[in-house]
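If you check TrEMBL, you get these features:
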{"type": "BINDING", "residues": "B:Ser70, B:Gly71, B:Ser72, B:Leu73, B:Glu91, B:Asp137", "note": "S-adenosyl-L-methionine binding site"}
Amino acid sequence: MFIGRRRRSAGGEAVRFAHCLSRNITPLPSVELLGGTPAHCGPPFPPMGARRETVGACAVRALAGRSTRVRLVLAAGSRSAHGGEHGAGRPYPRGGLRCAQARRGLQGGTDPEAEEIVQQLIENSTTFRDKTEFAQDKYIKKKKKKYEAVITIVKPSTRILSTMYYAREPGKINHLRYDTLAQMLTLGNIRAGNKMIVMETCAGLVLGAVMERMGGYGSIIQMYPQGGPVRAATSCFGFPASFFNSLYEFPLSKVDSLLSRTFSIETLPSESEDNIPAEEESNGSLDEKPASIQETEEESTTEATMEGNQTEEQETMDLAAEDTENKESKEKGNKENIREKQRKQQERRKKLVEAAALLKEKNADGLIVAGRFHPTPLLLSLLEFVAPSRPFVVYCQYREPLLECYTKLREKGGVINLKLSETWLRNYQVLPDRSHPKLTMSGGGGYLLSGITVVMDKGKSDAGRLEAQKTEEPTSKKRKLEELHS
Amino acid sequence: MSFVEYGDTIQEGDTAIVFLGHESMFPVKVQHGSKTQTKTQILYSTDISLITMMLELKPGSIVCESGTGSGSLSHAIIRTVAPTGHLYTVEFHQQRAEKAMEEFREHKVEHLVTVKNQDVCKNGFGVSNMADAVFLDIPSPWEAIGHAKSALKVEGGRFCSFSPCIEQVQRTCLALEEHGFTEINTLEILLRVYNVRTISLQIPDLGKAAEDNSNPGFDSSNQANQGVMCGSQQQGTAQFKSGVPLREMVGHTGYLTFATKSLS
Ligand SMILES: C[S@@+](CC[C@H](N)C(=O)[O-])C[C@H]1O[C@@H](n2cnc3c(N)ncnc32)[C@H](O)[C@@H]1O
């Protein structure tokens, strides 16, 4: 589980990321990462070569540079307790986890404590002296490797996070492969100064990627389903707090009322008298849709569990924790934090009003949709908020919903250059005279439907709707003919 | 070119629309063999997307590139690093370098880019310890790895080279290793486009009894797959939506080799 979720400082992000990354290397218990003093962003950092600093501080430095290699040193008594030979696995650092030294450079430099341990092992070994020189060397190397704990803390980025998520927790991001995400960012023309609408259920990875590409310039409105916006991955990017000032969120369940103008800023305050989670729960106006959504959710959860990996579980808990965070505030409702609650509510309401206002301008520079919801209803509604001549991209793990979405958008009109695509990604082994594609490749990274909005001709759109009401037989007949001729 | 008269042939200075197929049209300015008309092979959006993400480009990034060529990638990089980043692009072909500069001016991005007319393998990028990322699209990238390394920031940065031939890739990877780059990784990305079509397939008449018009076995499974059965008396058809791959697609553009320079 990530720690310090609420902290927004770069330091906090770094610690979370450091932990998240460390899971890739050794399963370090999370508590211990915070065992040191919490990281702060900005100086004073311990000077280079300082004997001891916390992992958090190293991570912060990693944020400043691109990567920092740190050696994890066990607190007194843990690693050295293994002075004698033992059959246990690699000892993981316990309590008070610290890195004694952030090492610049890749090789070079040794871990003095590891050497000490190895020296002890040699002294206690009854067989060492009888070994040949070669065997002794081998022994030392083996032991050194065993007792040296070096991890690399890497500066987070879309590249790192998307490859990591795809490799480790694809279920969390609807199997969105990183090269597919790369296509989305380009097709969506994500850049500084845009006003983007993002609707995703990929743990906040897509949102993070969009935020990174916009560099804090422009604004983003995140549309979210029941349960609130998920930003587990977003919080790993280590964005400065200012990036979140221009990030708005708006509940999907209010889209219809916003479009039909029943949602007005004047009526809003009374509407949101209750706190927000309750408001969402009571909103049953989406008829059966939520049910089917839940089914899918269940499915994806099972899928995730089937991938059977402990971290998966951890993250699920993490997400659950985030959900309860919302509910918590509702359930507690006690006097002590009531003022804080009210202040937060006030803030959220203000942001909600702002988000509604931004959407109502109907001049967004693009729309990005990715996740487990059927794309058709999302696109038909959300495209209304997008200005003409702007790109939109929809990601779906499966092709069929996009086929339908394509057809519906064609019927409705107002879009051109609709393109359904996927990318194939192949890795290579490159060695002199022995270069070839790797033996395995990813079987699929999901599908994209992209297009450009255009001003809709009123008459034509009505005709389009009419046509949509009828069966689409005429078009399909024509297509069939086309097929025959081609 | 006149908008009010027809012409039999395309003339110099005309803008023609090249129609490559459904929704694939391009305006093209017609110019007869003027000085710089040897156009270079350019990079397209699919490769550009991956390059941009894997180089970790974002607003504010400082990027070095060579060669500029027709400036296709240059424009994409500029768009991504704006408003605070900068692109240093090196092109040894003088006319191409000049043409690129002209275009950057025309597109009002000249403040975001510096074009250098020199040989990147001999003279490098003209910057040192400044870049967050370096990109090479030249015939002999391995000769420019040293310059790439010194152009990158001290705390490190990302590198990418695009080469159509695997032999180029091999030499580049060796050079990258020699210069201490890490995370060396070569990959290739292909775009597959699908045409959305409604297809009808005939249901074969297997002489089923006349009263059995519910077509068991088809109905249930096919309906679930969006299939629609249009049964007429004698012969039924099953209709479905399909994403049909193009008959021909781009099967190779080039290999992308990425690497990281770490703190040293
Ligand atoms: C294939 S083009 C680059 C196309 C470019 N990436 C684009 O997307 O438009 C290669 C360019 O590199 C230039 N070039 C080749 N070797 C070079 C070198 N050693 N120094 C500078 N430029 C070089 C060539 O003149 C040519 O214009």
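Any Cβ shown, glycine's included, is placed from N, Cα and C.
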Remaining residues near the recorded S-adenosyl-L-methionine site, that is with C-beta within 8 Å of the centroid of the site residues B:Ser70, B:Gly71, B:Ser72, B:Leu73, B:Glu91, B:Asp137: B:Thr40, B:Ile42, B:Leu43, B:Glu65, B:Gly67, B:Thr68, B:Gly69, B:Ser74, B:Thr89, B:Ala100
Binding-site residues: B:Glu91, B:Asp137 - member with fewest neighbouring CB atoms within 10 Å: B:Asp137
Mapped DSSP class for B:Asp137 (S-adenosyl-L-methionine binding site), helix or strand or coil: coil
Among B:Ser70, B:Gly71, B:Ser72, B:Leu73, B:Glu91, B:Asp137, the record's S-adenosyl-L-methionine binders - longest CA distance, Å: 13
Three-state secondary structure, which DSSP defines for B:Ser72 (S-adenosyl-L-methionine binding site): helix
Helix, strand or coil at B:Glu91 (S-adenosyl-L-methionine binding site) [DSSP, three-state]: coil
Cβ contacts of B:Ser72 (S-adenosyl-L-methionine binding site) (under 8 Å, same chain, 6 or more positions away): B:Ile42, B:Leu43, B:Tyr44, B:Ile48
